[in-house]
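Participant: I have a structure I would like to understand better, so I am pasting it below and will then ask my questions one at a time.
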Amino acid sequence: MGSYQLIKETINPEALNLQGNKCTLRIEARERGDDVESALSKLDSSSSPSFCRNAASRCMASASGTTRLVSLDVFRGLTVVLMILVDNAGGIFPAINHSPWNGLTLADFVMPFFLFMVGVSLGLAYKNLTCRGAASKKAMFRALKLLTLGVFLQGGYFHGINNLTYGVDMYQIRWMGILQRIAIAYFLAAACEIWLRSDDKVNSELSMLKKYQKQWVVVLMLIALYLLLLYGLYVPDWEYQIPIDASSSGKIYTVKCGVRGDTGPACNAVGMIDRNILGIHHLYGRPIYARTEQCSINSPDYGPLPPDAPSWCQAPFDPEGLLSTVMATVSCLIGLQYGHIIVHFKDHKTRLLQWLVPSCCLVAVAVISAICGMHINKVLYSFSYMCFTTGAAGILLAAIYVLVDVYEYGRFTSVLEWMGKHALMIFILVACNIVPLILQGFYWSQPHNNMLTSIGIGSQG
């Protein structure tokens with residue numbers, strides 16, 4: 001097996017010595033501006049043995065900082081496992097399911113962790129940017145693919161798991177969803193990374209902050225916009241209709257509000273914006289607050305309405321709405337800054353310090369905000385929720401980085417690494433009902449005779 005050795009800071013690609021199976025790359029300063037990456041890229045592949053070319057490639061990857069960090073894939077894989085766990089066990093153990101309103105559970109970390117890692121990955125993907133226009137078109141195309149996929153899989157009710165009905169009801173199609181939120185956050189973060197950074201060299205923490213200062217301005221603007229709308233908009237009374245059967249128009253419920261700055265389930269600005277812009281028929285029809293004590297006798301699980309249930313209990317509400325996506329984008333943009341740390345700092349201790357200090361500060365800000373009355377709320381994607389979950393993501397990334405990339409325990413996390421590399425595919429198969437479609441959608445004679453019942457899962461009815 002070939003090995004390589006670097007002597008100085010710049011490379012003369014012609015200075016290649018072969019000694020048996022050992023390939024030595026002798027680095028010499030030829031011209032001002034030569035560096036390891038450019039010199040290695042000039043290495044004549046036709047005149048060098050394959051093992052030396054491989055050594056040069058590895059050397060160039062190390063010099064340019066493009067070596068793939070296993071910890072990033074492991075982090076994504078762990079998030080996928082968490083998603084599968086809460087999706088399948090949340091109904092059995094409501095304590096780990098999404099919080100009915102205020103509060104934080106295990107399931108509430110999934111979405112911000114995904115968004116955080118999207119940002120980290122963008123920081124690495126756009127490290128060497130050659131053409132801003134082409135990069136913008138590529139980012140827009142990827143975002144549109146995610147957006148379309150999200151509307152199709154999560155908005156169209158193309159497959160009813162319980163009654164095996166097919167088709168898209170355009171009157172009730174859900175415009176927002178998990179993939180749609182990721183698409184929006186991805187595009188905005190990518191646009192910031194492409195257009196809002198300077199060409200300054202980074203040699204310290206302060207210089208990195210200066211290089212990306214415009215991106216931090218966007219972060220502060222998004223936070224200010226969210227808080228201004230959430231606490232400043234006046235929410236009037238509103239009404240909604242629930243169909244009783246196919247032949248009737250349904251019952252109309254009136255929700256009394258007339259308040260400003262309310263963060264309860266009925267009268268918050270997040271829901272009002274979605275009802276007015278998206279339309280109430282295009283929101284998620286099974287609201288999370290239906291599991292609150294006011295709306296369910298089985299709280300924190302779904303259940304029958306209590307006798308004195310308020311009028312808003314059955315009203316549609318989208319947990320991935322427009323205003324909450326504004327704050328969700330901030331999670332992605334902060335993750336982007338963590339990706340910059342990987343790009344500009346190669347020392348393990350420096351990276352860990354640059355991750356852990358802001359992460360702990362975010363958690364502290366979240367706790368202080370919650371004590372001051374700004375509740376941790378996943379559905380609203382509140383400021384305190386964003387700070388706490390993003391800080392937790394940074395701490396978890398640092399812990400995984402130490403185990404996998406510093407101490408190289410990656411062989412124990414190979415499954416998580418694979419899942420992280422195929423996170424989108426697994427999400428579509430598991431969370432978007434593709435697997436249940438396959439298991440329940442194909443049957444013989446009667447819908448009850450499907451693959452699940454054939455192996456003893458479910459009732460033979």
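Indices start at 1 and increase along the chain as displayed.
Cβ atoms are placed via backbone N, Cα and C, with glycine included.
The domain 'Heparan-alpha-glucosaminide N-acetyltransferase catalytic' feature in TrEMBL is assigned to 68-190. TrEMBL lists 78-97, 109-127, 139-158, 178-196, 216-234, 322-343, 355-376, 382-404, 424-444 with the feature transmembrane segment.
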Participant: With a Cβ cut-off under 8 Å, give me the same-chain residues at least six positions beyond the ends of the transmembrane segment (355-376) that come close to it.
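Facilitator: The answer is 102-104, 263, 334, 338, 341, 382-388, 390-395, 397-398, 401.
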Participant: Please give the sequence-distant neighbours of the transmembrane segment (78-97): residues at least 6 beyond its ends with Cβ less than 8 Å from one of its Cβ atoms.
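Facilitator: Cβ under 8 Å, 6 or more out: 105-107, 109-110, 113-114, 117, 291, 300-301, 396, 400, 416, 419-420, 423, 426-427, 430-431.
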Participant: So if I exclude everything within five residues of the ends of the transmembrane segment (178-196), which remaining residues of that chain have a CB under 8 angstroms from its CBs? That is, six or more out.
Facilitator: 111, 114-115, 118-119, 122-123, 126, 129, 132, 135-136, 139-140, 142-147, 149-151, 153-154, 212, 214-215, 218, 320, 325, 328-329, 331-333, 335-336, 427, 431
Participant: Quickly jot the same-chain residues contacting the transmembrane segment (382-404) by Cβ under 8 Å, restricted to those at least six beyond its ends, or write none.
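Facilitator: For the transmembrane segment (382-404), the sequence-distant neighbours (Cβ-Cβ under 8 Å, at least 6 residues beyond its ends) are 69-72, 74-75, 78, 104, 108-109, 112-113, 116-117, 120, 223, 226-227, 230, 263, 327-328, 330-331, 334-335, 338, 348, 351-352, 355-356, 358-363, 365-367, 369-370, 374-376, 410, 413.
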Participant: Would you mind giving the whole-number mean pLDDT across the domain 'Heparan-alpha-glucosaminide N-acetyltransferase catalytic' (68-190)?
Facilitator: 85
Participant: Kindly report the helix/strand/coil residue split of the domain 'Heparan-alpha-glucosaminide N-acetyltransferase catalytic' (68-190) according to DSSP, in that order.
Facilitator: 80 helix, 3 strand, 40 coil
